[in-house]
Amino acid sequence: AKCQCKVVPRDRTNCGYPGISAAECKKIGCCFNASIPSVPWCYNPKAKKVKKVCPNDPYTRINCGYPGIKAKECTRKGCCFRAHPAGVPWCFYHRVMEE
């Protein structure tokens, strides 16, 4: 994404090798901007912003506990807890979503 390449010149971390082309730089998943001399032109993009969410669909839950686990124990493990519906894990892992 373009916004991930908006890195101020002093914060750029080099990604590639001296003389790398824009095409080669992008091919390895990096950003290229040759407008400022003496800073990396091929550099690492900003990390994507992500957030943890508890999935809404009970049938996509990935078990994080064991049968009969208590809500307190589940959340202590850092997982989601919803005691419904029957037949699916009540203690389950978060999903990571891009913001």
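The backbone N, Cα and C atoms fix where each Cβ goes, glycine too.
All TrEMBL annotations are machine predictions without curation.
Taken from TrEMBL, the feature domain 'P-type' applies to 1-46, 52-95. The disulfide bond annotation in TrEMBL covers Cys15-Cys30, Cys25-Cys42, Cys54-Cys80, Cys64-Cys79, Cys74-Cys91.
Positions of TrEMBL features highlighted on the structure.
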residue: Cys15; record: disulfide bond; Cβ within 10 Å: 18
residue: Cys25; record: disulfide bond; Cβ within 10 Å: 21
residue: Cys30; record: disulfide bond; Cβ within 10 Å: 21
residue: Cys42; record: disulfide bond; Cβ within 10 Å: 23
residue: Cys54; record: disulfide bond; Cβ within 10 Å: 13
residue: Cys64; record: disulfide bond; Cβ within 10 Å: 18
residue: Cys74; record: disulfide bond; Cβ within 10 Å: 21
residue: Cys79; record: disulfide bond; Cβ within 10 Å: 21
residue: Cys80; record: disulfide bond; Cβ within 10 Å: 20
residue: Cys91; record: disulfide bond; Cβ within 10 Å: 23
Composition by DSSP (helix, strand, coil) of residues within the domain 'P-type' (52-95): 9 helix, 8 strand, 27 coil
Helix, strand and coil residues within the domain 'P-type' (1-46) as assigned by DSSP: 13 helix, 5 strand, 28 coil
Candidates Cys30, Cys42, Cys54, Cys74, Cys80, Cys91 (disulfide-bonded residues) with Cα within 10 Å of Cys64 (disulfide bond): Cys74, Cys80, Cys91
Residue among disulfide-bonded residues Cys25, Cys42, Cys54 with Cα closest to the Cα of Cys79 (disulfide bond): Cys54
Candidate nearest Cys74 (disulfide bond) in space, where candidates are the disulfide-bonded residues Cys30, Cys42, Cys54, Cys80 and distance is Cα-Cα: Cys80
Distance [Cα-Cα, Å, rounded] between Cys54 (disulfide bond) and Cys15 (disulfide bond): 35
